[in-house]
Amino acid sequence: MSNLPIYNFIRKLPKCEHHVHLEGCLSPDLVFRLAKKNGITLPSDDAAYTTPSTLLASYEHFGCLDDFLRYYYIAVSVLIEASDFEALAYEYFSIAHSQGVHHAEVFFDPQTHTSRGISYDVVVSGFSAACERANRDFGMSTNLIMCFLRHLPSEAAHETFAEALKRNDFENGIVAGVGLDSSEVDFPPELFQEVYKLAAEKGIRRTGHAGEEGDPSYIRSGLDNLSLQRIDHGIRLVEDKELMKRVAEENIMLTMCPLSNLKLRCVNSIAELPVREFLEAGVPFSINCDDPAYFGGYTLENYFAIQKHFNLTVKEWVFIANAAINGSWISGKRKEELLSSVQKCVKEYTAEIQQPKTLETAVEVQA
């Protein structure tokens, strides 16, 4: 099926990523490689850590977000030096580039590392070096988004924010904005109202996870109390029609993560995601991979999953692609470049499907 013309179009479509956690790109192979390099002992009482293959297999059995987070926090313990963080991010950028991602806005969790004695400087210098390499090697534009862990006290978020301000990371463009992640339920957005207010006063961009496992009130609180400019996940927005209308009218982009929602059992099937409802309501959204090392797919696999279950038209894909570009935290010039690339892709696809099919192609389509 992935050989059908529409899938080739999706493969070539210029993509923007807005919801990927760099720590969630830590593949089992890289976990074992860095553990050996840095002398880190992985849990001996868990058979999952026998080999990279057994670790990968264990990722098939997540029951909820917290199940996943357990493996996630063990894996990041292998990240010690700046070169480790650079290797991790560059591995993601390489894969993303191969799948047609032209612009990537990536999350990182400094508190995960500073809490275990790794300095903020080490984390950011490694990730920013990978961003520079991605631009140089692939022509990819990138943004780092610094996330606060919502299961930690808000005071910890203030400390992390102060560290970034001290380094002038927002002013010099090394960090493009702030986000809010980790366990959602029982940690509503309003707990972080003060630090987000400080960010807003300084003109720093703001996003946050809401409406993944939490109900629509988490989304509303994020908008009202944190002045969020984007909503990460947001699939439960569909349960509140008035709020959905507001999000559409205010052009608040959602960053959806289909395979993640399936793996963490937020939905029982990709077909349950409110893709049609969002398209019909004019809610802008992008499609993203979240934590691809754990959830069985990077950006393209998520795009294909949506196509398989919703059979979108080229026009609908153009809406998604353009919404992703316009919702990106990039210059107007860069947006124009990417929008032009989408139109070029559409023209090439239109010309391709208007050509007479060869016998081989016809047989392939029938199959």
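In case you wondered, yes, glycine gets a Cβ from its N, Cα and C as well.
Because the structure is a prediction, the values reported are computed rather than measured.
Binding of Zn(2+) is attributed by Swiss-Prot to His19, His21, His209, and the same site annotation extends, among Asp137, Asp290, to Asp290.
When the Cα atoms are compared, His19 (Zn(2+) binding site) and Asp291 (substrate binding site) turn out to be 9 Å apart. Here the Cα atom of Glu212 (active site, proton donor) is found 14 Å from that of Asp291 (substrate binding site).
Highest Cβ count within 10 Å among the recorded positions Glu212, Asp290, Asp291: Asp290.
Only His21, from the recorded positions His21, His209, His233, place their Cα within 10 Å of the Cα belonging to Asp291 (substrate binding site). Residue pair His21 (Zn(2+) binding site) / His233 (site 'Important for catalytic activity') shows a Cα separation of 13 Å.
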